[in-house]
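Per TrEMBL, domain 'Cadherin' is recorded for 29-135, 136-244, 245-352, 353-457, 458-564, 571-683. Look at TrEMBL and you will find 691-714 tagged as transmembrane segment. Annotated region 'Disordered' per TrEMBL: 775-796, 811-836, in sequence order. Taken from TrEMBL, the feature compositional bias 'Polar residues' covers 776-789.
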Amino acid sequence: MKAVAARSRGVTTGQVLSFLVLFGVSDWVSAAIRYAIPEEARRGSAVGNVVADLALDLGRLPDRRLRVVSGGSKKYFRVDLKSGALLVSERIDREELCGAVSPCSLSFEIVVENPLELYSGSVEIQDINDNDPVFPSNQARLEISESVAPGVRFPLESAQDPDVGINSLQTYQLSANRHFVLDVQTRGDGSKYAELVLEKELDREEQRELHLVLTALDGGSPPRSASVQIHIDVVDANDNAPVFNHSTYKASVRENTPSGALVARISAYDLDDGPNGDIVYSFSSHTPAKVRELFALDSATGELRVKGQLDYEETKLYEIYLQAKDKGVVPGVAHCKVLVEVVDVNDNAPEVTVTSVYSPVPEDATPGTVVALLSVTDLDSGDNGLVNCFISPGIPFTLSSSLKNYYTLKTKDALDREEASEYNITITARDSGSPILSAVKHLLVQVSDINDNAPKSLQDSYDVYVPENNAAGIPILNISATDPDLGPNSRLSYVLLQGDPAVGRLFSINRENGTLYLLASLDHEDQVEFSMTVQVQDSGSPPLSTNLSIGVFVTDLNDNAPAVLYPRPNATSSYGDVVAPGTPAGHMVTKVVSVDADAGYNAWISYTLLQATDPSLFSVGLHSGEVFTARQLHEDEAPRHTLVILLKDHGEPALSASVTVSISVAETVKEALIDLTDVAPAHDPRRHVTFYLILAVILVSAAFFITIVSVGIFKCYKWRQSKELFNSSRSTLYRTPGPFHHIDAVRGGFTPPSFYHQVYLTTDSRQSDLLCKKPFTSSPLGSRQNTMRNGEPGLYHPIVGTASRLPTPAELASARAAPPRTPDPSGSSGAQGRSCCPERSEAGACRYLLGRGGGGEGMSDLLLCYPVERPRPQLLPVGSSLG
């Protein structure tokens with residue numbers, strides 16, 4: 001045994017029996033290797049250096065997780081990761097593994113990961129002479145008639161040796177005697193059996209019995225042997241022995257033939273009569289016990305039937321030796337051989353073995369990524385053992401074969417975890433037998449997530465409407481976004497991008513749930529609309545984000561009462577508006593100019609005469625604020641009248657303000673001023689400033705008047721040249737022919753000193769247009785047209801300042817002599833369609849409020865102009881219906 005082991009190590013060391021067989025090249029299987037070792041090798045014995053033979057990097061083996069995969073419950077081999085040697089890890093008994101099959105091989109696979117590679121290999125288990133030949137019994141008994149002629153053969157029991165090759169049973173030896181010689185025969189499967197050949201006639205009277213020794217020898221070195229004692233009884237003669245019709249019978253039977261099925265019928269005859277001619281059939285003495293278990297022989301009829309379960313995969317051909325013996329005193333014996341061929345049937349379904357699975361698979365895995373390695377076996381032969389594997393259609397995987405009975409499961413298309421997070425792949429192996437047998441293997445492949453989806457929201461932009469004067473810290477919007485990814489790839493965070501500094505000061509967003517909070521109270525009059533961008537970002541690597549547009553619109557509340565611009569509230573004035581006695585009804589005396597900072601209905605102002613010295617003398621336009629004479633003024637009217645006018649908007653609830661208007665009834669302005677001197681002026685700490693301001697206004701007005709006169713003379717000259725007739729009912733004192741449609745004037749002497757605004761000059765206040773807002777529902781998209789503040793010079797656009805001179809008595813008389821003008825009910829204006837402001841920006845429109853100067857019809861009208869933002873309000877003429 002030691003010599004054999006030493007020789008085996010020499011063979012392994014020299015790598016005489018180690019070689020590399022290349023099969024088809026694939027992406028994961030590159031070669032197959034074969035080795036040979038003797039059986040019963042000690043554990044830890046080296047088979048060969050697989051790392052060197054496969055040209056692998058020994059230093060990378062620990063990281064690549066090399067392992068040996070073999071079929072069966074026992075793992076006969078392992079790999080030493082330090083040396084790369086394939087070592088024996090279990091006792092290997094060739095006879096237990098393969099029996100009489102030769103050569104005997106153990107297949108194994110070597111799986112190497114990172115990257116995934118598979119190498120197949122086999123180890124041939126060489127037989128050693130570790131088994132003695134064995135006879136079925138320790139002795140054998142033969143009865144031979146003395147009448148048997150020389151040359152007759154007598155089969156002897158065969159010895160069994162589980163070794164193969166040269167170590168199996170090779171020959172028999174017979175002890176020395178003078179009657180028999182030994183003839184050693186070879187069966188078709190290579191096994192040996194012995195027959196006694198009578199060389200010299202027996203003489204019962206000379207020797208009644210013989211004792212021989214039969215020795216079986218194998219071919220080992222040294223050879224092993226076994227012996228059996230042969231006891232021969234010499235009996236009286238039986239002249240005729242049975243004779244078989246055929247020396248050899250042939251039969252074929254399917255391996256799935258049921259027990260009791262007839263295999264063959266043998267027949268022999270004997271010419272003797274009586275018991276010497278009665279034949280009994282039986283198995284020969286050297287028939288193996290395995291054959292006796294599988295077949296049954298009828299001793300009377302010679303029918304050979306199936307007794308046990310035949311298996312083509314175990315034995316393909318049986319040689320059955322039978323004998324026929326008569327019932328004579330010295331029975332005659334005849335022998336024949338029955339060859340039973342076992343026909344293969346498809347009785348073994350394929351078997352699918354998963355050797356390695358790469359799961360989960362990233363959803364960004366490229367097509368062709370190896371997912372699993374499979375091996376398929378079928379114990380049948382021919383077409384019955386030809387196996388094809390396939391997977392169910394409609395999945396992004398494909399199955400391909402690179403070596404016989406080895407398959408690779410790969411990705412065929414791109415994976416999407418959001419569409420399918422796992423695949424339960426059904427692998428079907430089907431052979432080509434009849435009937436077809438198949439096996440099913442289920443393989444669960446999971447798909448791992450990557451950050452390939454940006455956050456999504458149901459809408460790209462949000463519009464939020466918030467009433468002004470809101471409470472601080474309230475939530476105004478909950479942004480809802482989703483991400484179909486998993487884990488950190490779907491964990492969202494919300495960030496308010498800092499574009500406008502006011503947005504970062506007024507708004508805040510919850511980073512976790514996307515709730516937008518308003519941090520401070522908003523004012524519609526300060527800012528109507530806020531635009532901001534919210535970035536929704538996941539926590540993947542790299543992170544993906546989506547930007548959402550948020551528009552916050554501040555809706556208006558009626559939180560501003562009307563503000564009076566003219567006459568100046570609480571202003572100290574030494575004069576009021578003047579109207580001459582005899583003024584007819586419908587004459588506009590003055591106008592209340594007001595503004596409401598709100599929007600829509602909240603800024604629509606109505607004027608009501610709340611209190612008057614003589615309620616029958618004056619009336620107020622409901623929507624214009626113009627004060628008209630309700631009847632003709634008489635000479636005996638009171639010289640001074642005080643009107644209290646109520647201004648009320650249309651908000652809910654409505655807000656109001658009041659203003660006091662003083663009107664003097666006098667023939668001339670100077671008279672009105674003389675009347676006003678009786679009123680003691682109130683103490684004004686700014687009276688010196690007012691004086692200088694009035695003086696400056698007078699000087700500027702004088703210069704402006706000279707300019708107007710010069711221009712008027714020039715225009716008259718041009719008019720006379722063109723002989724155009726200029727017909728107008730307006731006062732020539734304030735006519736501005738030609739392009740002079742807009743001028744700025746300060747009502748020096750008749751207007752409070754602190755009232756400096758841009759005005760619009762016309763010759764008839766009854767034909768001036770007032771720009772009003774049509775009522776509409778308050779909307780955050782509405783224009784910010786009422787943002788004017790008193791005392792903010794930035795909202796006005798002065799061009800030229802001037803002061804009106806005092807009319808002379810002749811001019812006043814001429815004005816009284818002119819025919820009276822009645823108010824136009826429609827409120828239409830001859831100046832309609834002209835721009836209210838001298839200059840306009842691209843982004844703005846204009847709004848003006850008309851006022852009435854004092855001193856009768858000859859005085860100028862006031863037009864207050866200031867810019868407003870788009871979109872424009874609808875223009876309505878004064879006096880038109882608001883419905």
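Every residue, even glycine, has its Cβ placed from backbone N, Cα and C.
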Tally Cβ pairs under 8 Å between the domain 'Cadherin' (353-457) and each listed stretch (29-135, 136-244, 571-683), then give the stretch with the top tally.
29-135
Most CB pairs under 8 Å with the domain 'Cadherin' (458-564): which of 29-135, 136-244, 571-683?
571-683
Within the domain 'Cadherin' (353-457), what mean pLDDT does the predicted structure show?
88
The domain 'Cadherin' (353-457) - residue tally per DSSP class, helix then strand then coil
4 helix, 56 strand, 45 coil
